[in-house]
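Some features that Swiss-Prot has for this protein:
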- 13-137: domain 'MH1' (DOMAIN)
- C65, C110, C122, H127: Zn(2+) binding site (BINDING)
- 166-258: region 'Disordered' (REGION)
- 173-183: compositional bias 'Polar residues' (COMPBIAS)
- 199-216: compositional bias 'Low complexity' (COMPBIAS)
- 237-251: compositional bias 'Polar residues' (COMPBIAS)
- 270-464: domain 'MH2' (DOMAIN)
Amino acid sequence: MTSMSSLFSFTSPAVKRLLGWKQGDEEEKWAEKAVDALVKKLKKKKGAMEDLEKALSSPGQPSKCVTIPRSLDGRLQVSHRKGLPHVIYCRVWRWPDLQSHHELKPLEVCEYPFGSKQKEVCINPYHYKRVESPVLPPVLVPRHSEFNPQHSLLVQFRNLSHNEPHMPLNATFPESFQQHSGGSSFPISPNSPYPPSPASSGTYPNSPASSGPSSPFQLPADTPPPAYMPPDEQMGQDGSQSMETGSSLAPQNMPRGDVQPVEYQEPSHWCSIVYYELNNRVGEAYHASSTSVLVDGFTDPSNNKNRFCLGLLSNVNRNSTIENTRRHIGKGVHLYYVGGEVYAECLSDTSIFVQSRNCNYHHGFHPTTVCKIPSGCSLKIFNNQEFAQLLAQSVNHGFEAVYELTKMCTIRMSFVKGWGAEYHRQDVTSTPCWIEVHLHGPLQWLDKVLTQMGSPLNPISSVS
């Protein structure tokens, strides 16, 4: 009791009152400092304290915006930790497990939401709602499979390898993304495996039949396979079919009784991450159970399950370039899985470079484009809903069109050093330090759909 009384001995009555609505029992001292800093700001505004207390005491009732001045970088420092103000106070008074601003959306009644970039920002926790994962509609697969459903079709193609003939183009966030918001500057290909993207105004940039650079190593059993590449002549016939963006989830002219719905299921581990140095895999795969994962260059003696610490991994083939690059990874990248979307936030002092076909599709980029994310920036790199739409449409175009989507479920990311047309490194396997993120939910969904569809028209064989 003595320690508790000393904790609040110098706490103002206003702070004590506000702490009465605090959620969770962790980080008492941090919460007290956060509330104390807020009270000092609100006392300068007439009625602000009363408005906040009313909002906290009557959660279901309408309440006013409670604002504080926006700082230069938008963040607020509380006890040596910087964070976004609306996230800090939503964590204190509503959701102690809140990880990121990506998990919050403002209500329509809020006049000063954080995202509006006004001089004032609302920190009323009841002016924000938490993003919920959307329910993905089942994919309807025609009932004409002759394949034994006890076997996974993805396993059959695990040892396939292929080369990407096109050197990846490069883009920088946010500059390149603003340029492409209205459409694509890349030439259109009749062989595009996907329908027009939301950002490309009815056109999709040039998309070769082959995938991004594949890693020149044998993939172990727990790693998703490289994508299957159909024969060139078949892509010339079947791959050139265009897809309508508004097509039904069910195959056209297909009676409902002749389709098998395949539901999306959230896996226990939403992704796995594998680390590479040049073309060598280093260490074991990291399986992410938390929706917030840090991949950094440090060592972690506490063995935190939410961190993948690359500093712990050893490699006898490591050269001086790799050693130097590893020293600059620093805080690395923060991966969030929120509301069916994956975000990558660069915490490192140097940029990270991301190759995500789903992200490229959304922005109207070439599928293999490598996007540079500068320090302090975050980018959405995968959207489950867009993937679900593509999968539902691809089912109507055969096995190969669906299998093409496996390339979308693997995201490559390099630290410090980039690759592509604007860099002297043309392939990700030429970068000193990089990771491969495999999205388990979409991959498992694809596996189930492919199993229902049966074998491809041209059976795949290792014999040429």
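Keep in mind that glycine also has a Cβ here, set from the backbone N, Cα and C atoms.
Given the structure is predicted, the values throughout are model-derived calculations rather than measurements.
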**OP:** Compute the mean position of the Cβ atoms of C65, C110, C122, H127, which form the recorded Zn(2+) site, and then list in sequence order the other residues of that chain whose Cβ is within 8 Å of it.
**Re:** K64, V66, T67, P106, L107, V109, E111, Y112, P113, I123, N124, Y128
Original post:
So how many of the residues in the domain 'MH1' (13-137) end up helix, strand or coil by DSSP?
Top reply: 50 helix, 18 strand, 57 coil
Original post:
Which value does the mean pLDDT take for the domain 'MH2' (270-464) in this predicted structure?
Top reply: 91
**OP:** Sort out for me which one of C110, C122 has the most neighbouring CB atoms within 10 A, since those are the binding-site residues we care about.
**Re:** C122
**OP:** State the count of C-beta atoms found within 10 angstroms of the C-beta of H127 (Zn(2+) binding site), not counting that atom itself.
**Re:** 24
